[in-house]
Every structure is written in C-alpha cells, then in structure tokens.
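Participant: The structure that follows is given in the form of structure tokens.
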Amino acid sequence: MTSATGPGGTLPPAPAGRSRWHRALVTAAQAAVCIAVPAVVAWVSGQPFVFPSLGPTVFLALTSASTPAASPRNTVAGHLISASAGYAALALTGLTRAGPDLSHPNGHRVAAVAIALALTAGGMLLGDLPHPPGGATTLIVALGLLRTPGQLTILMAAVVTTTGVLVTVNRLSGRSYPLWSPASREAASERRAREAAAERMCREAARCLAGAMTSAVWPVARVRVARLLGRGDSGRENAVAARLNASRAALLETKDPVATAAHWTADFRTLLTRDPTAARTLSAFTDTITYLLRAIPAPASRTGPLREERTHGHG
C-alpha cells in the first residue's frame, strides 16, 4: 500500500492520542465490570469472593490478552498452584490454625511466606503455567488472610467466575483471547503480525480519508466510505454520509486532521473486527484515493467551488 500524499491533499501523521484515550477509557470500564462481578457475589454471599490478586489478573487479561500468562488456563492453574503452595507452607510451619498477624510476624510466618513463594515459582515454571498475580495469592494464604480449605475453595470459585467474565468481555471486545489454552508461539506471532497489519491498514485508510476531505476527491471518498461502512444498508449509508459531512466540516474549522483520522481509524478498526473480509475493500479504497490525491489538483488550483455529490451518486 502506497503512502497517500500529493498535491490533492496532505495527510496527517498516524493518529495516536485520541485512540489511546479511547482504549484507556474502554479498558477502565471493562476492568470495573470484571471485578464488580465477584465483588457483588462477595457482598451478597458474605464470603471472600474478592481478594487483592484478582485485580492484577483482570488487568493482565484486559491489557495483554494474547500473552500465555493471561490465558484462562494459566489464570486458573496459576491461582490453584499458588493457593496450594500457600496452604502447604502453612501446614509445614504449623500455622494452619493461626490467624493473620501482619504487624508482628514471627519466624514461623517468615518461613511460611518464603516457602509459599518458592513453591509457587517452582510449580509454575515446572508446569509452564506462569501467572504473575498468583504470587500475590500465595502470600495471601501464607500470611493467613485466607487459610481454611473452605476459604480456599471459595477463592478458586472466584477465580473461575472472574475468568469466565474475562473470556466474555475480551471476546465481545474483539480481543484475541483463547477460550482455554494459549496459542502456540508460532500462531501467536502470526496473529500479532495480522493484527499489526490490520491496524496499519485502518490508520492509512483514515489518513487517506482525512486528506480527501480537503481535496477535490472528497465526493468520491465520501461515497466509497459510506458504502463500505454502510454494508449494503441504505439507512446506514445515509447515517455514515451525514457523519462524514459533519467530520469534514469540523476538520475545515479546526484544521486538526490528526483528530479526524483517529476518529475514522476507530470506525475502520470496528469494521475489520466484525468483518475481516472487508480488508480487501478497505485496501482498495486507500489505493484508489491515494492515486486520485496525486492525480487531481487541490481545490485551490481549480476555478469555482467543488460540486458536492449525493451519497448514492456514482464514485
């Protein structure tokens, strides 16, 4: 795909700021939902269904969904190894019946903490099941905060429940998150390459569109994008066309093509998430507009105002 620059319009650099804000806000809302589910269960049941290490588990799954450590298998197995290691440490040091004492730990408690983390690290590495938040879980148990078999059963039930919520949220969001086992390294590498290529395609198409908004090829770009995002629905095409006109008006007023490109990058990204086969059409749009931007002079060099075409006119 060629870079779309030329006399017909100058394209902005790849947008970043607004898309970063959008991702941060969406992820923050999803994190709140994911931790609220076990918290509500704890509230209703009066049982320790929410505990500190669930927070890092949620964060890891939402921000690094494609990594093996964030997978459902590693999440459940990692917390199970950690809880078991913590309880084993309590048993070895004779603290299974002792309450927590965080302010004045004795030698037995120090030994329990050290043994628990050592067993957790070794168990995760031997099983090839790394899940960093489990390091906090084993300390919660070794410190006596959750120490009875009943409490540890509830702890694992909370982990399984939260994992189910994470699978649902990540899948609905279009993130590459497995149902259980992580993908192989080769498959994960290929998937990341595809995702990076799709992101570049969306950004380049949005930059082309922003460049076209201030050029003579705007009517053509508007019709093509309306058809692309409308997906055969005339009502949806008209709605997209209205948004395009509003976006162009804002661009002409603010002179901020980066924000405009960021806005439409999100739309193109959503399109490819819902319909990966649209990638070919999106690429063709970018190539066509790139060629037209180079071939057709800018409006300033033409006489008279540009003629606006109807949304369903010929492109």
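Going from the start of the chain as shown, residues are counted 1 onward.
Keep in mind that glycine also has a Cβ here, set from the backbone N, Cα and C atoms.
Because TrEMBL annotations are produced automatically, they should be read as predictions rather than curated entries.
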Participant: With the ranges 149-169, 191-211 to choose from, which does TrEMBL describe as transmembrane segment?
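Facilitator: The listed stretch tagged transmembrane segment in TrEMBL is 149-169.
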Participant: Going through 24-44, 76-98, 110-129 one by one, which has the most CB pairs that fall under 8 Å from the transmembrane segment (149-169)?
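Facilitator: Maximum Cβ contact count belongs to 24-44.
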